[in-house]
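S.K.: Attaching a single structure in structure tokens format; questions to follow.
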Protein chains: 2
Amino acid sequence: MTRLYFNEVVTRDGFQNEAHFVPTADKVALIDGLSQCGFAKIEVTSFTSAKAIPMLKDAEAVMGQIQRAPGVEYTVLVPNVRGAERARECRADEWNLVMSTSETHNLANLRMGREQSFAGLRDVVAQARGHAAVNVSLSTCFGCPMEGEVPAAEVLRWADRFATLGVRGLTICDTTGMAHPRQAAAMAQALRSRFADLQITFHFHNTRGMGLANVLASVDEGIVRFDGSLGGLGGCPYAPGASGNICSEDAIHMLQAMGLDTGIDLPRLLTLARQLPDLVGHEVPSQVAKAGRTQDLHPTPAYVEELRSERS
Amino acid sequence: MTRLYFNEVVTRDGFQNEAHFVPTADKVALIDGLSQCGFAKIEVTSFTSAKAIPMLKDAEAVMGQIQRAPGVEYTVLVPNVRGAERARECRADEWNLVMSTSETHNLANLRMGREQSFAGLRDVVAQARGHAAVNVSLSTCFGCPMEGEVPAAEVLRWADRFATLGVRGLTICDTTGMAHPRQAAAMAQALRSRFADLQITFHFHNTRGMGLANVLASVDEGIVRFDGSLGGLGGCPYAPGASGNICSEDAIHMLQAMGLDTGIDLPRLLTLARQLPDLVGHEVPSQVAKAGRTQDLHPTPAYVEELRSERS
């Protein structure tokens, strides 16, 4: 049976988009809970400036207080060499670097061009040697909300440049939920044939409702690693009110229902998902947390038993 | 290119689950709008008792006031011979009959056993001859919320019995969102090989987030007809807070993005979807209505142009 690997990004990519600060102790408790669920990786936090992302200003405290579980990698977002120093001090297992394959999105999001981003991240990759594995998350690989189409060749070009630097993994991000299943399948084929030795992770958003269909199409083409966010947290400024990241528990529930091995303890994960609305102060897009798993049956109403006995 | 056919069920299956009455004139205006969108069928209303479903107490008025568009079939739910009389008087193009493949669900939902339902519906099929085409919607084909698994053989057995009566079509319903993509694909294969001459429609709910993944898996196995509900209306009493029917505009958007011909004017449909929250008085699960289509781009922020000019 195909083994799938899930990375949980709620405390970084999810919380980053939340309006109200989640206290450090709550973040630590959530991560410690996630550590018991069977994730391959947990993206704990980001070593960006506290001013830019106040939600993650407690990055060091969180990294210092979590209980690391054997077999789980704790990854952090590292934007630059200063962030790399902080990640090294915190002994993060993996550094996750981010840039966009769209020039306009990179300018909008990181306030620099792609070449400048690449030069900075190259230095970070060099710093990582001997300290941490490196993953690069490439944003807008399935389309840019401002430029529109991002050619697959452009994605492969940036993937090539990072592969040449010796990174361990690449995450192919559908940052604003523009991917459709045929495109996901084609991207999976192109990347698997070209980067057989790299960890390839797909990162989908459910902005337009296509998230799990894209996961399905990617699994069918041999992709085995996915990012997901508990509760589907992680909205997008370009789509107010729409869903964010694919919801980890919904994706895992579907794949388990299909008979695939996700490595995840779903009941335990659902317990955490059901605590999330209280933690963030609002409803979350998660469906399985509300509806229960397919196998969680409902009691037969009393009148049905009465009808049955009347007939017998 | 494969041609797909969509049936819009919002004014029957969707509204039936709404708490507050939608005025007749609003229903008629919505159906008249939907008639211009390219649907193969519109399920207008239900000829059940006004007491059982007060929302649809205006069935005759709605059927009398809508403007019928050429090429669109207007179908109505017919529960029994009394409903059939009313449907005939209203000149419905198609009668949609409903029963469950799960005994417990049929008892819970229709307050009679499956054999009693079948006997009643057999009389309705006989009444339809010369007046309307007949479609049978089989509920809980992918699982029953009380019994659990419904064997595919059981679905095929009931499908066979109705096929023998000479119905034109069968709708295979995932009434409470329990289907997963492998199951949808297997069901599609089994039905297509067995009922090549019948219109086979798949009806999915997004209760656990798997709706569009199930559509994808079914399209890949040659299913070309789908029910959908504008805005994703049509929740389920077994899953409070969870999504209802698959959202027509989200499914159609995905399939169009994949290059398939749905026959639907999506911008026109989205205009209707965006009016729906006002009509029903609450937010609806639709994602594309909130986020826009993939090709609807966003303006580049002014600071990006400034950054660009600084660099050149």
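Glycine is no exception: its Cβ is also placed from the backbone N, Cα and C atoms.
I grabbed these lines from TrEMBL:
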type: DOMAIN; residues: A:4-270; note: domain 'Pyruvate carboxyltransferase'
type: REGION; residues: A:290-312; note: region 'Disordered'
S.K.: Six or more residues beyond either end and a Cβ under 8 Å away: which residues meet both conditions relative to the region 'Disordered' (A:290-312)?
M.R.: 253, 257, 266-267, 270
S.K.: Mean pLDDT for the domain 'Pyruvate carboxyltransferase' (A:4-270), as a whole number?
M.R.: 97
S.K.: Taking helix as H, G and I and strand as E and B in DSSP, count the residues of the region 'Disordered' (A:290-312) in helix, strand and coil.
M.R.: 12 helix, 0 strand, 11 coil
